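Visitor: After the structure tokens below, expect a handful of questions from me.
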């Protein structure tokens with residue numbers, strides 16, 4: 001809890017206005033100068049004032065002003081888990097081609113780089129579409145975005161059903177492209193759902209659950225395709241296996257689309273926090289998306305996070321896309337184990353995500369946790385790079401799990417830290433910029449690492465990623481004090497609200 005002392009003008013003729021100054025979560029109110037002072041007079045550098053401080057701040061309503069009613073609904077868990085499910089269905093398809101790269105190469109008669117693009121199209125599509133989609137999220141809200149995402153995902157899966165023939169690679173690419181567009185409507189939603197539906201002590205956990213679905217989908221994408229589509233010689237038999245896989249995916253996507261139509265709700269009737277109550281008073285027409293982007297691009301702390309987040313997650317995308325090629329090179333015929341190693345990476349990452357979410361809700365030590373996880377991601381990548389060719393798959397499972405625990409566990413941490421640094425800007429906008437950076441670096445790293453592996457070996461390709469993780473770790477560590485200072489200065493604003 002903190003006390004907020006504002007330097008605001010006094011209205012001698014309007015006592016009501018003098019009693020209606022309070023903290024809000026909306027940047028659309030007129031800002032006034034302010035002083036933040038902890039109630040007990042102590043300073044905790046790990047809990048700088050930001051969105052957390054604002055939502056936990058003591059909002060005083062005197063005389064004629066009453067605090068707005070807040071309430072937490074049980075349905076909030078249904079909403080976040082439903083989102084996680086259709087996010088799972090979409091992210092599963094991201095890697096379903098790449099993890100059996102060699103099988104699809106033979107079936108469609110294309111090279112490995114072409115199959116790599118079945119994963120990279122998810123990254124490429126995101127870059128130009130994220131800004132209009134983020135604007136749509138701010139203007140139309142969660143339900144519209146959820147409906148569009150589920151509908152596009154369902155459509156893409158049925159297009160793929162019609163593509164299970166060796167001469168129909170363009171059709172299967174169209175289906176994958178449609179699903180990649182759906183992904184743009186998904187990745188920016190976890191932090192928005194968390195802030196709209198959950199209390200201030202639950203936002204990090206809720207965000208982690210939202211990201212959890214995406215990670216679980218990737219895990220299933222690593223595990224299931226090698227089982228459903230074995231490496232058989234007969235192309236007709238192979239086509240039958242591929243068709244079964246596509247039908248299962250389409251059935252699940254259709255079921256989830258129906259659930260979203262019936263169940264998914266825009267927002268709770270009564271807001272969960274005072275910050276959300278204040279934000280509801282603002283008309284969407286008063287919000288300038290362009291101005292918000294400009295403010296974010298001038299936030300130095302946030303720009304540093306965008307770069308380091310992109311480096312880390314881009315490395316994860318490259319490792320995931322090229323995993324089949326790396327494993328098959330050292331362990332021929334081990335397509336199923338390649339999928340299991342990918343599963344290990346993501347399951348370990350999901351555990352890391354949940355632990356990070358719970359830890360952040362309790363400690364609010366965003367900067368310190370980010371640095372620690374980033375450093376351990378680098379350590380995990382180095383271990384994975386030097387143990388991959390030892391000839392022992394059990395060692396690869398261990399090192400891959402270590403890498404996944406920290407590298408994949410970094411995903412929700414980055415989202416929540418961005419919200420802290422950019423409050424009171426839209427969570428969808430800050431998350432969109434983080435994801436955009438990750439997609440750009442993901443494409444660059446996947447192409448470069450693939451070419452390095454073709455020209456040299458897998459060790460050289462993995463060391464290439466280690467070099468960029470080292471750069472990200474140095475940037476994160478070197479700017480620790482700068483980020484904390486900038487976070488204090490930019491993340492909490494006291495606004496003057498008139499009735």
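In case you wondered, yes, glycine gets a Cβ from its N, Cα and C as well.
Below are the features I grabbed from TrEMBL:
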- 77-95: transmembrane segment (TRANSMEM)
- 79-490: domain 'Major facilitator superfamily (MFS) profile' (DOMAIN)
- 115-137: transmembrane segment (TRANSMEM)
- 144-162: transmembrane segment (TRANSMEM)
- 168-191: transmembrane segment (TRANSMEM)
- 203-224: transmembrane segment (TRANSMEM)
- 244-264: transmembrane segment (TRANSMEM)
- 301-319: transmembrane segment (TRANSMEM)
- 339-359: transmembrane segment (TRANSMEM)
- 371-387: transmembrane segment (TRANSMEM)
- 393-413: transmembrane segment (TRANSMEM)
- 459-476: transmembrane segment (TRANSMEM)
- 482-498: transmembrane segment (TRANSMEM)
Visitor: Are there residues at least six beyond either end of the transmembrane segment (371-387) with Cβ under 8 Å to its Cβ atoms? List them, or say none.
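Guide: Result: 308, 312, 315, 352, 356, 395-396, 399-400, 402-407, 409-410, 413, 459, 462-463, 465-466, 469-470, 472-473, 476-477, 480.
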Visitor: Determine which residues of the chain contact the transmembrane segment (301-319) at the Cβ level, with the cut-off under 8 Å and only residues 6 or more beyond its ends counted.
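Guide: Result: 119, 123, 326, 345, 374, 377, 381, 403, 407-408, 410-411, 414, 417-418, 421-422, 430, 433-434, 437-442, 444-446, 449, 462, 465, 468-469, 471-472, 475-476, 479, 482-483, 486-487, 490.
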Visitor: With Cβ-Cβ distances below 8 Å as the criterion, list the same-chain residues six or more beyond the ends of the transmembrane segment (339-359) that contact it, or say none.
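Guide: That would be 95, 99-100, 204-205, 207-209, 211-212, 215-216, 218-227, 319-320, 323, 327, 365, 369, 373, 393, 396-397, 400-413, 416.
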Visitor: Taking a Cβ cut-off under 8 Å, which residues six or more beyond the ends of the transmembrane segment (203-224) line up next to it in the same chain?
Guide: 76, 80-81, 83-96, 99, 186-187, 189-191, 193-195, 197, 245, 320, 323, 338-343, 345-347, 349-350, 353-354, 356-358, 360-361, 408, 411-412, 415-416, 419
Visitor: Ranking 115-137, 144-162, 459-476 by the number of C-beta pairs under 8 Å to the transmembrane segment (244-264), which range is first?
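Guide: Counting Cβ pairs under 8 Å, the winner is 144-162.
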Visitor: For the transmembrane segment (168-191), what are the same-chain contacts with Cβ under 8 Å, counting residues 6+ beyond its ends?
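Guide: The answer is 83, 86-87, 90-91, 93-94, 97, 108-110, 118, 121-122, 124-126, 129-130, 133-134, 137, 142, 145-146, 148-153, 155-160, 162, 203, 206-207, 209-211, 214, 412, 415-416, 418-419, 427-428, 430-432, 435.
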Visitor: Can you check how the pLDDT averages out over the domain 'Major facilitator superfamily (MFS) profile' (79-490)?
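Guide: Here the predicted model's pLDDT, averaged over the domain 'Major facilitator superfamily (MFS) profile' (79-490), is 84.
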